[in-house]
Amino acid sequence: MALSEDFTELQTLSNGRSSSIFPTTNTPVDPEEEEEQSVSACTQPNEHTQMMQTGQNGGLKSTRLSSSSSSSSQLTDAQRLAVLLPNALPPGFCVCCSLCCNGNQQDCALFQSAVPSAALHMGSCCVQGVPCFCMQHHWPEHLQNQPNMATLSPPRPFRFPKNYAELIADWPVVVLGICTVLIVVCALVGILVPDLPDFSNPLQGFEPRGTAIGQRLVTWNNMVKNTGYKATLANYPFKYADEQAKSHQDDRWSKDHYDRKKRQAEWDFSKDSFFCDVPGDSYSRIVFASAEGKNLWNIQAIKSMCNFDNTRVRSHPQYLDLCQRTTAASCCPSWTLGNYIAVLTNKSSCQKITERDVSHTLNILRSCAKFYHNGTLGPECWDMTTRKKDLKCGNLPRKCTKYNAVYQIFHFLVDKDFLNPKNTDYLPPNLKYSMLFAPTEKGETMMNIYLDNFENRNSSDGITTITGIEFGIKHSLFQDYLLTDTMYPAIAIVIVLVVMCVYTRSMFITLMTMFAIISSLIVSYFLYRVVFNFDFFPFMNLTALIILVGIGADDAFVLCDVWNYTKFDKPNSELSETVSITLQHAALSMFVTSFTTAAAFYANYVSNITAIRCFGVYAGTAILVNYILMVTWLPAVVVLHERYLVNLLTCSRTQNHQSQGAATFWTSLCQVVNKCLFSISEASRIFFEKVLPCVVIKLRYLWLLWFLALTVGGAYVVCVNPKMKLPSLELSEFQVFRSSHPFERYDAEYKKLFMFERVNHGEDLHMPITIIWGVTPIDSGDPLNPKNKGKLTLDTTFNIASPASQVWILNFCQKLRNQSFVYQSEEQDFTSCFMETFKQWMENQDCEEASVYPCCSQSTFPYRQDVFELCIKRAIMELDRSTIYHLDSKTPGPRFDINDTIRAIVLEFQSTYHFTLAYEKMHQFYREVDTWIQEELRDAPEGLSYGWFVSNLEFYDLQDSLSDGTLIAMALSVVVAFSVMLLTTWNIIISLYAIISIAGTIFVTVGSLVLLGWELNVLESVTISVAVGLSVDFAVHYGVAYRLAPEPDREGKVVFSLSRMGSAIAMAALTTFVAGAMMMPSTVLAYTQLGTFLMLIMCISWAFATFFFQCMCRLLGPQGTCGQIPLPKKLQCAERTSENQSTVNNQGKAGACYTTKHEHYELEPLAANVRNEGKASDEEQEACTQLQNNITSLHDDATLCASHEEPKHEFENGVQATEHSHLHQYAFNTRCTCENSMHQYIRERQRTACHPCGQSRETQCATKQSNHLPVCLNRDMIHAPTNSGHFQHCTPSQISRPAAHRCFSGGCGMHAVHISQQQTETESYISACVPSSSPQESQNRPAHLQFPDVQRCSSPDTTGVCTLNHDTQNAGELAINSQSPQKIPWNHLKTKANGTCVLQDCREVVPEDSIGCRVDKEKTVSPKKFNCFKKNVNAKCNSVEFHKTRTSVPTIAINSKASSESLC
């Protein structure tokens, strides 16, 4: 008992955190002080303590730091301790080491003051443990390096890396350097070599290429461009072309320009000294509405519009340089309602009008409205030269025609519903909108006026408000907004950085991850422009940044989690092995998510729209490049951080500093932050491991019905009513800003409300039918470059000069005029069918003049080929000389080449269809006309058999391409997602459920967008097609986790997948949701739409995957091999590393996988069939929890599916490879079973001098060995239990409530404690945690170091013992010889209801998938039974029961029988 005075009991907290406290005095520890110490323990490592360091390859090295403060008294204490324990404390004695998790550092000290840690030697057992989730634990504290330590290991010789993992582990700086060089080179080449993108025309690339209509439109446009003087085609013969070009080159103006000049000459207001011109489409304009929704026809509103004109437009400094003027002194007045009232009432300005003038003008408008609406009042009714009414409008009152003011008010300034014929004279007029025309040309010159006086200023004065603006700068302003609004993606990136930093607890890893994401865009731009040679870079490519931020963060979270799983599974492994295992699993998981999303983007390549195809290639490439960086750059960053940078930002302080009261503000702040983060992580753990599985499973029927109803509702909204609408705005009015922007409101709302806009945009014009022969409708340009439209391809078989062709064309024109879809004009159109005009001209020519012959009436139709070729040239030239009509590039008729040969002809008729944006009407028009023409061409002669027609079908083709391309892209995305899911899980049922979940997600998402008013335009098409790639990720993660779950039943698999993947999936969804939310304030429509879409798809896909998919798996999920694709036997259990393969030969037959038949969860709501056993006593619950809390394991080996072959006493079990028993929930060692723990223990004893022995706080654990006592403590988390070959019982009197999610204090224990010679030669593999020994032994060793006799393990308070049954067991049971060591799997150890510890037999079962176990019914040897258990407990290492704190939820026994809800 010499040491008992200096030592207190060695303790292991019930939550899995071991501690041993050895105060120098018997002064009790204050509970409150101890509680405070437990919170900050993790941040208080002793700087004198010899710590473990990570070597070059991740190996652990013992590092001893010298301390200048070491005193002689401390050395004396150490020497005295060595004298007291000459055999029990060899040089390899283990002392406390800093922990990864929130352990109590002060509890870890073996000798707080009496025996300083500087005098102790750190053994190899002091290896830092690894937690389970980054969300629930702290990243820097998970790493193998210890705080404030320096690596002093000797330099190792150069070793060339054998594989990629060793390259990452040994040469992370080299890998990072190579990646950095490549990124910099790609950036420089991508920026310097090709031209920078030009976003001045955002509509560029929005036209379809490659469609039948698209090829015709491209060919027609090329034909128009190549028609003219010295061009490929000409309207005139070449001999006359030069003369005609010279005489008409000054007249080749556009029709609008000509008409405008003509109107300017006709309507010259300069004599009236008021208006300079008439309002028109070329002038800047503003739309006003009442601020309170009232009538604008009142004097306050009219004067308010005049004030806006003076203060916002005319007062700008640049206005004087831009306005039109009659004199140098002043600018022309604006065309406003007030100025027109002033003209009609002879007032000088708008400010001079009165209420009487307004009423008088209204009366004039009332009396003249009917003349305007019936078409009799037109712009030509006033002769400005004579200042009198024109004779054409003699029946109209003069007041209606004076100055054409009434016509211009109705046509330009008021909305079309004002004073319409439907309103009677007795109803008050209702003017909703009025327009103001400024005497400035719209365009770039108006940019400064808009930016200074309109963009950020209030648009209302309380009376009127500016609702729409048309300055002609929409696309120019878009380019500026596109760059300035990148601040919102930047804000999103910053917020994602904060979330990642909190999640990983490492600023270095966070910044390097974001650098990898940005680098992905740079490298993909290089590949896009230089390697793929794409010349066109649409503005939509910029939105790839937002999507990539979410995906990159998801990959970082996955790698973080997998890294910690690997370190937890193999804490003693070298760094290269950790990297290898991490990449094996993380690379696959990241590849699944990256490939499915990239495939969804690449699927857009099937679209016919150039911008969508380019965006799909760029975004898909960026995601794949990001994946490559995530498996090269990011692992190297993690290794570099772990080896060198983990200690830079630590907030830990040594115990000496803490005791001296030298804690700084930052240390206190860091502790507070750590406590808050720990509380958050605890809440997260409870939610994802307890609450969420409970909610999902208990309410599964409700969730299924609810989400099925949502799916049906979404499908109804998308497909039936109101369904996804095609775009309703022309391409020229394509929306680029948010809907509330005044530029967009003018195009979308107000343009159709004013008559001059309706007429100019062709809503009252007939659709033309243009038919072409002689040119092949082929788009020979680059479909990925909207600027490259190719060259004109002529039809070599074309021949119009043959008599048969002449007759057929004439008959064709006559048939076409008789069709119902052709508009019959009253005026004779001599240009529609040139053959009719030519025949008539020939018949009217007199043959008396010899020079005319043969082009005269003597020649009969059809004409000879030579006559036709000669006379058609004369007819065209005569037509040009005798009429003022000029033939332009779009005029129907023949087209000549440079040799005067007719190479093409054009016919054009007007149809009865009016231009409309409605898809159905345009579709009917195209199908009807094209079908009739193709039917007629079947009987055409050989020279005219390849004709085709075209019309104003650009918008219809865009609509058609969007509707078809979106569906095809989504279908391809679904096929790829299903394929990837199938290859990942090898299970058809899981893959089918995932696709059903994705379908529901798509329907609900698109339905929500429809209800939000979305139309299927270009941007919407891209976002919707990408929905499949973004929504499949969550279902894939859950599906893979379901298949890898070791539990045999559905409920266990669902709980496993939810608890393991729930946190990472939620974080991925959160980061992407935040990135989308930050885009909402943007002005650019592409950003706001993408933000809306990301928020919706993340919420809906997470909900469907978590509740709908998991409930389907719980209800009808596959069990065993149901739905599994059969694989070759060699592949079923061959998933192993090279190191594992080398160990299999020594362990026995490879290929046998282990599982168990029953499992229990310690979560009451998850009980499928709860057995009502009445009220269990506290002792029962404590005993069951003690059994679970005292199980520990070695994680030094990744034991595979193999039955271990030893010379004697071999146990073999063969079951299916897909199920595993007693597996740690977060370990990657999916083939490891609890029965392997004994063999692991034997190998560990042979390999190390310090053996793990997990202990809880209430236990006193010592296992009697021949020469050594294994007392080194395991650092596993209490909620992540592990295996052991030792049975330990803990007395209920010492149980304390554990703090959840704590791990054992790493390294706190004793190393190779030599025992006196009273020991027996036998070894016991089953021992009680509170041992009892002979009195002599008790006197020679401390109370807590009592060693059990091989035959008994008793509690100090009882005489009950746990013995091995020496008798012959029943059939199928195993006889144990206690005098010889046996290899006893832990999962075969059971307790009877009377407390006896028995060993169950584990029979070899070949055809079945479970292990049969029987409870030994022999009576206990002990005369006094220790009633520790009253029911059998078969606890699996990976069950939920092991992951809970003992006091959180009471233990409930759950019937583990297979669910009756079976699919197979």
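Each Cβ is built from the backbone N, Cα and C atoms, and glycine gets one as well.
Residues or ranges marked as compositional bias 'Polar residues' by Swiss-Prot: 9-28, 38-65. According to Swiss-Prot, the feature domain 'SSD' maps to 468-640. Annotated N-linked glycosylation site per Swiss-Prot: ASN346, ASN374, ASN458, ASN564, ASN608, ASN818, ASN899, ASN1140, ASN1190, ASN1394, in sequence order. Swiss-Prot lists 1-73 with the feature region 'Disordered'. Annotated transmembrane segment per Swiss-Prot: 173-193, 482-502, 507-527, 531-551, 586-606, 620-640, 701-721, 970-990, 992-1012, 1022-1042, 1065-1085, 1089-1109, in sequence order.
Distribution of Swiss-Prot features across the structure.
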| residue | record | DSSP (3 states) |
| --- | --- | --- |
| ASN346 | N-linked glycosylation site | coil |
| ASN374 | N-linked glycosylation site | coil |
| ASN458 | N-linked glycosylation site | coil |
| ASN564 | N-linked glycosylation site | helix |
| ASN608 | N-linked glycosylation site | coil |
| ASN818 | N-linked glycosylation site | coil |
| ASN899 | N-linked glycosylation site | coil |
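In the shown protein chains, 8 other C-beta atoms lie within 10 A of the C-beta of ASN458 (N-linked glycosylation site). Taking the Cβ of ASN608 (N-linked glycosylation site) as centre and 10 Å as the limit, one finds 22 other Cβ atoms among all the protein chains shown. In this chain, the transmembrane segment (620-640) lies close to the transmembrane segment (531-551): three or more C-beta pairs between them fall below 8 angstroms, excluding pairs fewer than 6 positions apart.
The transmembrane segment (173-193) is not in contact with the transmembrane segment (1089-1109), judged by fewer than 3 CB-CB distances under 8 Å for residue pairs 6 or more apart in sequence. Cβ atoms under 8 Å from those of the transmembrane segment (1022-1042) belong to residues 540, 547, 554, 589, 592-593, 596-601, 603-604, 612, 615-616, 619, 966, 969-970, 973-974, 977, 980-981, 984-985, 987, 990-991, 993-994, 997-998, 1001-1002, 1005-1006, 1009, 1016, 1053-1054, 1056-1058, 1060-1061, 1064-1065, 1068-1069, 1072, 1089-1090, 1093-1094, 1097-1098, 1100-1102, 1104-1106, 1109-1110, 1113, 1117 of the same chain, restricted to positions at least 6 beyond its ends. Cβ atoms under 8 Å from those of the transmembrane segment (586-606) belong to residues 547, 551, 554-555, 558-559, 562-563, 612-613, 615-617, 619-621, 623-624, 626-627, 630-631, 965, 968-970, 972-973, 976-977, 980, 984, 1022, 1025-1030, 1032-1033, 1036-1037, 1040 of the same chain, restricted to positions at least 6 beyond its ends. Listed stretches 531-551, 701-721, 1065-1085, 1089-1109 were compared with the transmembrane segment (482-502); the greatest number of C-beta pairs under 8 angstroms is found for 1065-1085. Panel annotation: around the transmembrane segment (1065-1085), residues 135, 478, 481-482, 485, 488-489, 491-493, 495-496, 499-500, 503, 546, 549-551, 553-554, 557, 688, 735-739, 741, 744, 1019, 1030, 1033-1034, 1037-1038, 1091-1095, 1098-1099, 1101-1102, 1105-1106 of the same chain, lying at least six beyond its termini, place a Cβ under 8 Å from a Cβ of the stretch. Within the set of glycosylation sites (ASN346, ASN564), the lowest number of other Cβ atoms found within 10 Å of a Cβ is recorded at ASN346. Long-range neighbours of the transmembrane segment (1089-1109) within the same chain, counting only residues 6 or more positions beyond its ends whose Cβ lies under 8 Å from a Cβ of the stretch, are 543, 546-547, 550, 692, 696, 703-704, 707-708, 993-994, 996-998, 1000-1001, 1004-1005, 1008-1009, 1012, 1014, 1019-1020, 1023-1024, 1027, 1030-1031, 1033-1035, 1037-1039, 1058, 1062, 1065-1066, 1069-1070, 1072-1073, 1075-1080, 1082. All protein chains shown were included, and the count of other CB atoms within 10 Å of the CB of ASN899 (N-linked glycosylation site) stands at 8. Closest in space to ASN458 (N-linked glycosylation site), of the glycosylation sites given as ASN346, ASN374, ASN564, ASN818, ASN899, is ASN346, taking the CA atom of each residue. Beyond the transmembrane segment (531-551), the same-chain residues lying 6 or more positions past its ends with a Cβ under 8 Å from any Cβ of the stretch are 194, 197, 199, 202, 204-205, 482, 486, 489, 492-493, 496, 517, 520-521, 524, 593-594, 597, 610-612, 614-615, 617-619, 621-623, 626, 782, 784-788, 1018-1019, 1022, 1026, 1030, 1068, 1071-1072, 1075-1076, 1079, 1086-1087, 1090-1091, 1094, 1098. Using Cα positions, the member of the glycosylation sites ASN346, ASN374, ASN564, ASN899 nearest to ASN608 (N-linked glycosylation site) is identified as ASN899. Cα to Cα, ASN346 (N-linked glycosylation site) and ASN818 (N-linked glycosylation site) are separated by 55 Å. Put simply, of the glycosylation sites ASN374, ASN564, ASN899, the one whose Cα is nearest the Cα of ASN818 (N-linked glycosylation site) is ASN374.
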